[in-house]
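**Q** First the structure, then my questions, so here it is.
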Amino acid sequence: MSRRAYALDRSFWKLFTASATTTCADGIGKVSLPLLAASLTSSPVLISGLTAFAFLPWLLFGLPGGALVDRVDRRRAMATVNVIRAVLLGLLVVVGVAHIWVLYAAAFALGGCQVVYDSAARAILPQIVDRRRLDAANSWLTVEETVGQNFVGPPVGAALFGWFRAAPFVGTSLGFALAAVLVTAVPGRYRAVRAEPTTVRADIAEGLRWLWRHPVLRGFTILSGLMAALLSMATALTVLYAVETLRLSPSMYGVLFIAMGIGGLAGSAAVGPVTARIGRPRAITAAAAVAPVMCVLLGTTTNTWSACACFFGIAVGITAWNVLSMSLRQAMIPTDLLGRVLATHRVALWGGIPLGALAGGTLAAHTSVPTTFLISGLAQLTTASLIHRLISRHRQLITESATP
């Protein structure tokens with residue numbers, strides 16, 4: 001079949017536009033909430049608590065959220081939660097923030113919305129895009145996520161925060177509202193085809209059973225969750241690393257995100273050529289090793305430019321890993337189970353982040369932020385070696401997964 005037959009069509013680009021708007025809004029909040037938290041406290045434990053509360057909904061609601069998006073129109077689910085996020089941030093502006101516990105509540109509520117949105121956004125893609133184009137589609141979505149969460153959102157959020165503290169939250173609210181409108185422009189209905197009515201509990205159990213019995217994705221999910229938890233030990237302290245270790249001003253904090261943005265674009269661009277050259281199994285293994293090495297190096301430097309180079313490297317590895325692993329899961333999971341199984345994976349992936357963040361904050365309180373980065377990186381390297389063993393055992397199955 002011709003290349004044109006597998007081209008990304010208008011439906012994808014409408015989804016892309018809505019997703020890019022959502023990401024920009026999310027990127028503004030990504031930097032504004034930690035900066036506001038850092039203005040209220042300098043405690044590593046309390047700062048890491050913000051990350052913990054933001055990802056806690058994945059532990060509590062991840063599985064029901066996945067079952068939900070397999071029962072409803074996934075496009076409407078994305079629009080609805082963006083409206084809710086816009087309202088929540090509007091209320092935050094009106095109420096104001098005098099204590100970090102208000103930020104925790106906001107982070108938790110926004111995280112709950114993120115559970116539904118991300119589950120729906122990942123599950124809808126294989127309904128819009130041909131299987132052979134999933135790598136390309138995921139790469140494009142990763143590019144917009146990188147640009148929005150690093151080049152656009154954080155610098156804009158940091159600048160607005162320096163000008164007027166409420167301004168970035170107003171901007172984020174308006175961004176989510178616009179994204180809700182844009183996603184409704186994606187044509188079609190995206191409710192999963194179901195053989196017969198079932199209960200939510202039965203749906204969750206079916207997704208868990210399928211994942212547990214899969215020879216590749218079971219181990220992949222467990223190790224991905226462990227890697228994410230270990231990485232969050234370091235990344236939850238990024239704002240303190242920037243302000244205390246590198247001595248950056250709040251406005252210059254955005255420089256690290258720009259470095260990560262460039263790295264994200266580089267990682268996304270490299271996925272296709274690298275995979276074609278060395279194969280999908282080796283590309284996945286290589287991607288898993290990059291961020292751990294960079295975390296180790298961050299634990300040994302206080303130079304701003306060296307740190308920027310390391311954050312660049314982290315973004316290269318994470319972006320390549322996200323594209324390759326997401327395409328692998330989307331190709332292997334049946335369409336009617338996508339929401340549940342992808343949500344289960346994300347429960348493992350993001351559910352461990354609160355624990356890792358709190359562990360990192362506690363470790364930093366007793367040692368230092370750079371030491372925490374170093375220990376996190378060494379632990380990640382051990383996990384990356386286990387991922388290499390898993391991929392090596394199932395090399396043929398992983399290679400064949402990209403072929404219809």
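Think of each number as a place in line: the chain as shown, counted from 1.
Positions of Cβ are set from backbone N, Cα and C atoms, glycine also.
Not measured: the values here are computed from a predicted model.
Dumping what TrEMBL says about this protein:
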type     : residues : note
DOMAIN   : 217-404  : domain 'Major facilitator superfamily (MFS) profile'
TRANSMEM : 12-33    : transmembrane segment
TRANSMEM : 45-69    : transmembrane segment
TRANSMEM : 81-102   : transmembrane segment
TRANSMEM : 163-186  : transmembrane segment
TRANSMEM : 219-243  : transmembrane segment
TRANSMEM : 255-276  : transmembrane segment
TRANSMEM : 283-299  : transmembrane segment
TRANSMEM : 305-326  : transmembrane segment
TRANSMEM : 347-366  : transmembrane segment
**Q** Using a Cβ distance cut-off of under 8 Å, indicate which of 45-69, 163-186, 283-299 has the most pairs with the transmembrane segment (81-102).
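**A** The listed stretch sharing the most Cβ pairs with the transmembrane segment (81-102) is 163-186.
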**Q** So, taking each listed stretch (12-33, 219-243, 347-366) in turn and counting its Cβ pairs to the transmembrane segment (163-186) that are under 8 angstroms, which one gives the highest count?
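**A** Maximum Cβ contact count belongs to 12-33.
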**Q** What same-chain residues lie close to the transmembrane segment (12-33): Cβ under 8 Å, and 6 or more beyond its ends?
**A** 50, 54, 78, 82, 85, 89, 103, 106-107, 110, 117, 121, 124-125, 128-129, 137, 140-141, 144-145, 147-150, 152-154, 156-158, 160-161, 168-169, 171-176, 178-179, 182-183, 185-187, 253-254, 257
**Q** Are there at least 3 C-beta pairs under 8 angstroms linking the transmembrane segment (283-299) and the transmembrane segment (347-366), leaving out pairs fewer than 6 apart in sequence?
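**A** These two stretches do not touch.
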**Q** The transmembrane segment (45-69): which same-chain residues, six or more beyond its ends, come within Cβ distance under 8 Å?
**A** 33-34, 37-38, 77, 100, 103-105, 107-108, 110-112, 114-116, 119-120, 123, 200, 203-204, 207-208, 232, 235-237, 239-240, 339-344, 346-347, 349-351, 353-355, 357-358, 360-362, 364-365
**Q** Which value does the mean pLDDT take for the domain 'Major facilitator superfamily (MFS) profile' (217-404) in this predicted structure?
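**A** Here the mean pLDDT over the domain 'Major facilitator superfamily (MFS) profile' (217-404) amounts to 88.
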